[in-house]
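S.K.: Okay, these came from Swiss-Prot:
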DNA_BIND  547-615  DNA-binding region
COMPBIAS  470-496  compositional bias 'Acidic residues'
COMPBIAS  497-507  compositional bias 'Low complexity'
COMPBIAS  515-533  compositional bias 'Basic residues'
COMPBIAS  534-546  compositional bias 'Basic and acidic residues'
COMPBIAS  577-624  compositional bias 'Basic and acidic residues'
COMPBIAS  625-634  compositional bias 'Basic residues'
COMPBIAS  643-659  compositional bias 'Low complexity'
COMPBIAS  696-709  compositional bias 'Polar residues'
CROSSLNK  K90  SUMO2 cross-link
CROSSLNK  K296  SUMO2 cross-link
CROSSLNK  K364  SUMO2 cross-link
MOD_RES   A2  N-acetylalanine
MOD_RES   T170  phosphothreonine
MOD_RES   S437  phosphoserine
MOD_RES   Y441  phosphotyrosine
MOD_RES   S444  phosphoserine
MOD_RES   Y452  phosphotyrosine
MOD_RES   S471  phosphoserine
MOD_RES   S510  phosphoserine
MOD_RES   S657  phosphoserine
MOD_RES   S659  phosphoserine
MOD_RES   S667  phosphoserine
MOD_RES   S668  phosphoserine
MOD_RES   S671  phosphoserine
MOD_RES   S672  phosphoserine
MOD_RES   S673  phosphoserine
MOD_RES   S688  phosphoserine
REGION    458-709  region 'Disordered'
Amino acid sequence: MAETLEFNDVYQEVKGSMNDGRLRLSRQGIIFKNSKTGKVDNIQAGELTEGIWRRVALGHGLKLLTKNGHVYKYDGFRESEFEKLSDFFKTHYRLELMEKDLCVKGWNWGTVKFGGQLLSFDIGDQPVFEIPLSNVSQCTTGKNEVTLEFHQNDDAEVSLMEVRFYVPPTQEDGVDPVEAFAQNVLSKADVIQATGDAICIFRELQCLTPRGRYDIRIYPTFLHLHGKTFDYKIPYTTVLRLFLLPHKDQRQMFFVISLDPPIKQGQTRYHFLILLFSKDEDISLTLNMNEEEVEKRFEGRLTKNMSGSLYEMVSRVMKALVNRKITVPGNFQGHSGAQCITCSYKASSGLLYPLERGFIYVHKPPVHIRFDEISFVNFARGTTTTRSFDFEIETKQGTQYTFSSIEREEYGKLFDFVNAKKLNIKNRGLKEGMNPSYDEYADSDEDQHDAYLERMKEEGKIREENANDSSDDSGEETDESFNPGEEEEDVAEEFDSNASASSSSNEGDSDRDEKKRKQLKKAKMAKDRKSRKKPVEVKKGKDPNAPKRPMSAYMLWLNASREKIKSDHPGISITDLSKKAGEIWKGMSKEKKEEWDRKAEDARRDYEKAMKEYEGGRGESSKRDKSKKKKKVKVKMEKKSTPSRGSSSKSSSRQLSESFKSKEFVSSDESSSGENKSKKKRRRSEDSEEEELASTPPSSEDSASGSDE
């Protein structure tokens with residue numbers, strides 16, 4: 001029999017909202033941790049009195065009752081898990097896990113039973129529904145009716161607002177059944193009633209959220225905040241955590257109360273109550289209870305008369321009444337010696353406190369992030385200056401928190417803290433051109449060499465040079481853009497010949513022509529520069545004929561065992577299947593693993609053998625391809641050399657430039673001299689001669705020499 005049982009997909013109903021978590025059963029007791037709030041239910045094995053197994057909306061549920069009357073319900077179990085749980089209860093808790101079905105007749109009359117903190121509506125011996133009395137916020141009575149109102153949960157999509165019970169009159173004298181019903185409810189209900197005197201009162205305390213000054217009245221079951229505009233009654237059961245945080249100036253203290261559900265002010269919800277105290281402010285406090293009551297209720301944690309700093313008195317009283325530990329900063333110490341880091345979150349500046357189990361930011365808006373919620377953290381270079389950096393936190397739910405404008409000197413301390421807590425660090429520094437190395441960044445000075453800054457300067461110089469080249473009117477080209485075989489040389493000769501040939505008596509026309517030539521030349525140069533860019537190298541695809549790589553021993557075993565794992569765990573997801581397979585593989589003996597290691601070794605040998613055969617065949621084919629390419633190159637060289645023998649390179653370039661000449665360079669001036677006409681005739685005669693030379697086939701000698709090659 002296993003010493004522990006663990007269930008990951010278990011749900012707990014909290015005021016109409018189903019919260020998932022992990023349930024762990026051990027010899028010592030039962031522990032449930034809420035994944036959303038982090039709240040832990042710890043039930044000692046000796047306190048359990050009864051365990052009930054029943055069918056519920058989410059499969060099957062487990063109901064646990066304790067000696068002090070508390071009831072715990074957990075849903076989401078499979079029917080097949082009953083035997084495993086039943087045996088565990090018998091072995092370790094000496095309890096019989098009973099099966100008990102709910103009544104589904106649909107009747108609306110029955111018997112009401114009060115047991116512990118539950119109101120159970122039964123038909124016969126079967127319960128129809130149960131109401132946790134701790135969820136009741138108000139109980140009112142009518143003539144023959146009792147109305148129950150409930151605390152609301154903001155996370156619940158549908159909430160139960162109220163339930164009305166009709167209580168028929170009885171013949172007994174002196175007993176009012178309606179009043180008796182109401183008293184049974186009120187004795188266990190979480191009804192906030194400011195009856196009696198407060199235990200103590202703190203006057204005019206400064207509250208940051210919700211903002212204002214409030215009188216805080218401490219009652220046995222709730223906290224009453226009384227301000228000029230608003231009043232809040234906060235049950236101690238809604239307090240999740242308490243924090244006592246020193247301000248960076250060492251003269252003030254924050255006292256933070258985490259609430260779930262939050263208090264409301266109109267449409268605004270406050271999940272945190274933040275009080276600000278001065279360290280120099282002292283107070284003498286007297287509790288409104290006699291010494292015996294104080295000793296019996298608080299067991300030495302409080303005394304009737306106390307004195308000290310105001311923040312110490314408030315935190316001490318709250319700790320005793322809420323019965324929760326106060327979280328303080330751990331051993332983290334920043335560059336300035338403070339236990340916090342100055343930063344900005346969203347639009348406001350505040351303080352980030354690295355704690356032993358999480359981070360908390362105060363104060364606007366306050367944020368608390370537990371380590372078990374964090375997926376990874378990231379150190380990013382600040383966008384405006386290198387004197388600061390950003391600290392990013394992404395949770396497992398995908399929520400991202402960015403704390404910006406953190407001083408560079410804090411980097412080393414924060415990095416060491418994150419490393420010590422073993423949080424995943426995912427840097428984006430390489431994407432932003434920043435070297436993510438801790439030592440270089442933490443110890444850098446303003447005068448020290450910054451590789452990122454130097455690279456940005458070099459890129460800026462290159463862009464400026466490119467811009468100057470494109471706007472340069474001299475027409476000079478760099479060595480990189482000079483290619484004799486391309487048609488840019490033809491364009492230059494076309495411009496040169498036209499510049500010397502077109503002589504007009506009108507200076508204005510010549511200036512306009514010159515501007516048009518420059519514009520066309522710029523466009524042509526830019527186009528050629530784009531066309532001469534290096535082609536993008538296409539990644540070679542994998543050869544489909546190549547032999548596949550051999551699988552590892554684990555992968556061979558997983559492929560063979562996948563169906564068996566699915567049959568043993570029906571409905572298991574792919575992620576859970578992989579985790580389960582990893583656990584099984586780790587637990588396997590060496591003898592079983594050796595069998596799969598041998599199979600993996602055989603597969604590796606087969607792969608090496610196939611790879612040698614494949615590479616040998618590929619080498620022969622590559623040699624044939626190279627010989628074919630050489631033949632093609634020779635044929636191309638012969639074709640290129642043939643027309644160059646008929647005319648000079650200059651005449652051929654002139655012929656190409658004339659054939660592509662635009663209208664902008666054709667002189668249409670009526671006052672041009674006769675020299676232009678004679679030059680045009682000469683050009684036409686030269687063009688006709690070049691066409692004849694180009695049309696004549698190569699001589700027999702040329703063809704013979706080409707064949708010899």
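Here the Cβ of each residue, glycine as well, is placed from N, Cα and C on the backbone.
Help me understand the surroundings of these features in the structure.
M.R.: Residue counts of the DNA-binding region (547-615) by helix, strand and coil are 56 helix, 0 strand, 13 coil (DSSP-based).
The C-beta environment of K90 (SUMO2 cross-link), restricted to residues of the same chain at least 6 apart in sequence and closer than 8 Å, consists of E96, L97.
Around the Cβ of K296 (SUMO2 cross-link), 10 further Cβ atoms fall within 10 Å across all displayed protein chains. Under the three-state DSSP scheme, K296 (SUMO2 cross-link) falls in the helix class.
According to DSSP, K364 (SUMO2 cross-link) sits in a coil region rather than a helix or strand.
In the structure as shown, the Cβ atom of A2 (N-acetylalanine) sits within 10 Å of 11 other Cβ atoms.
Annotation for T170 (phosphothreonine): same-chain Cβ neighbours under 8 Å, separated by at least 6 residues, are P177.
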S.K.: For the C-alpha pair, I'd like the distance in angstrom between K296 (SUMO2 cross-link) and A2 (N-acetylalanine), rounded off.
M.R.: 42
S.K.: When you measure from the Cβ of K364 (SUMO2 cross-link), which residues in the chain that are at least 6 apart have a Cβ under 8 Å away?
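M.R.: The answer is L208, T209, S348, G350.
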S.K.: Summarise the model's confidence over the DNA-binding region (547-615) as a mean pLDDT value.
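M.R.: In the predicted model, the DNA-binding region (547-615) has a mean pLDDT of 86.
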